[in-house]
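Database features (TrEMBL):
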- W17, E19, N21, E30: Ca(2+) binding site (BINDING)
- 31-50: transmembrane segment (TRANSMEM)
- 62-81: transmembrane segment (TRANSMEM)
- H78, H204, H208: Zn(2+) binding site (BINDING)
- 118-135: transmembrane segment (TRANSMEM)
- 172-190: transmembrane segment (TRANSMEM)
- 205-225: transmembrane segment (TRANSMEM)
Amino acid sequence: MAEGISSFWGPVTSAEWCEKNYVYSSYIAEFFNTISNIPGILLALVGLINAFRQRFEKRFSILHISNMILAIGSMLYHATLQHMQQQGDETPMVWEMLLYIYILYSPDWHYRSTMPTFLFFYGAAFAIVHALVRLRIGFKVHYVILCVLCVPRMYKYYIYTKDASAKRLAKLYLATIFMGSLCWLFDRLFCNKISRWYFNPEGHALWHVLMGFNSYFANTFLMFCRAQQLGWNPKVAHFMGLFPYVKIQKPKTQ
């Protein structure tokens, strides 16, 4: 894409993607990459309402809020293409993964205060370093490592879950992250060819949409597993027969 384009936000100072800048508005650099975050915000809001309504642990409310913050940060980044806004997108990505690590591993962690304390200071230290140093490949490698750390625990939850509907959530999680990753790679690796096409498939925008659903499926699956651990008799219900959410029945003493 054209580097250094000047607009309402000034010259481009961040990484760019395979979408022409300022085509639809002088206030939005990458239009589709910006609006494609809206589904993720709405899905996180649905999850947050369900977590509040059924009084899930606060960790899940914070998780849904972090999804919303990440999507809003991504919107600001793609709308402005400024380095500061790019950091405002990338830093919450790391914080969100640290939160997933906490939710996945904390039930079996014997020293309850050590994990959140360590993860908090780790996240704060990363934010400071990321603000001072431009981490390009290093950021991607770091983020992938955090994602990989979640895999063994997610697999353990999957094999110990007997409910077919809950297992379907995990499969949808895998399907969306697989398809989303293909879209991300296609947009990144073949941009020179795509730029010459009459129609741009907007692979990065599709990545945003799919990852919005991916986060929702992951969160819903984890809510089911946690409710099962707490003896809350969880079930996967479907709004209008399509949209999955976790319905629980707590013991009367709770």
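Glycine is no exception: its Cβ is also placed from the backbone N, Cα and C atoms.
Against the transmembrane segment (62-81), stretch 205-225 shows more Cβ pairs under 8 Å than any other of 118-135, 172-190, 205-225. If you count C-beta pairs under 8 angstroms between the transmembrane segment (205-225) and each of 31-50, 118-135, 172-190, the highest count goes to 31-50. Rounded to a whole value, the Cα-Cα separation of W17 (Ca(2+) binding site) and H204 (Zn(2+) binding site) is 7 Å. Sequence-ordered, the extra residues of this chain that approach the Zn(2+) site, with Cβ no more than 8 Å from the Cβ center of H78, H204, H208, are W17, E19, E30, F32, N33, T34, S36, N37, S74, A205, W207. Fewest other C-beta atoms within 10 angstroms, among the binding-site residues W17, N21, H78, H204, H208, are seen around N21. Sequence-distant contacts of E30 (Ca(2+) binding site), defined as residues of its own chain at least six apart whose C-beta falls under 8 angstroms from its C-beta, comprise E16, W17, E19, N21, H78, A79, L81, H204.
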